[in-house]
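*Asks:* Here it is: the structure, laid out below.
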Amino acid sequence: MADSERLSAPGCWAACTNFSRTRKGILLFAEIILCLVILICFSASTPGYSSLSVIEMILAAIFFVVYMCDLHTKIPFINWPWSDFFRTLIAAILYLITSIVVLVERGNHSKIVAGVLGLIATCLFGYDAYVTFPVRQPRHTAAPTDPADGPV
């Protein structure tokens, strides 16, 4: 039994890491890292703004795990493309508002860095929302069932 577990572990690891190499996987990983850096900057200057980074980092990590483990196909009652689209759209809007407020206040250096990184996060989340917009995704059409020569 231990041999079968050892043999299946690399296959499972490969299946889980394959998502990390896709465009969506790279975007989610970048969102997690950027939210962590913004969280550190906000914690050093104004802890009141850090809740946005914490929430978005947790949500991005949840979506990363859901897509990485292919749970979105196993939980069909949630519309994952629309959920992901609204998550990224709301994050982009909230990061834009928060960054503008932080940059207008003109605090210490870590606060300014957090504001600039928040604007970068706005662009990243906005691009992710554009990429995941469900209407943009190609729809599959049914293959013709009639023979090429016509019905017989």
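Cβ coordinates come from backbone N, Cα and C, glycine included.
Feature list, courtesy of Swiss-Prot:
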| type | residues | note |
| --- | --- | --- |
| CARBOHYD | Asn18 | N-linked glycosylation site |
| DOMAIN | 19-137 | domain 'MARVEL' |
| TRANSMEM | 25-45 | transmembrane segment |
| TRANSMEM | 48-68 | transmembrane segment |
| TRANSMEM | 85-105 | transmembrane segment |
| CARBOHYD | Asn108 | N-linked glycosylation site |
| TRANSMEM | 112-132 | transmembrane segment |
*Asks:* For the transmembrane segment (85-105), give me same-chain residues lying six or more residues beyond its boundaries with a C-beta closer than 8 angstroms to one of its C-beta atoms, as numbers and ranges.
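*Replies:* Here the qualifying positions are 31, 46, 49, 52, 56, 59, 63, 111-112, 114-116, 118-119, 121-122, 125-126, 128-129, 132-134.
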*Asks:* If one measures from the C-alpha of Asn18 (N-linked glycosylation site) to the C-alpha of Asn108 (N-linked glycosylation site), what distance in angstrom results, rounded to a whole number?
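*Replies:* Cα to Cα, Asn18 (N-linked glycosylation site) and Asn108 (N-linked glycosylation site) are separated by 41 Å.
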*Asks:* For Asn18 (N-linked glycosylation site), just count the other CB atoms lying within 10 A of its CB, please.
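*Replies:* The Cβ of Asn18 (N-linked glycosylation site) has 12 Cβ neighbours within 10 Å.
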*Asks:* Over the domain 'MARVEL' (19-137), what is the model's average pLDDT?
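*Replies:* So the average pLDDT across the domain 'MARVEL' (19-137) works out to 88.
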*Asks:* Would you count the other CB atoms within 10 A of the CB of Asn108 (N-linked glycosylation site), including those on all shown protein chains?
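*Replies:* Result for Asn108 (N-linked glycosylation site): 11 neighbouring Cβ atoms inside 10 Å.
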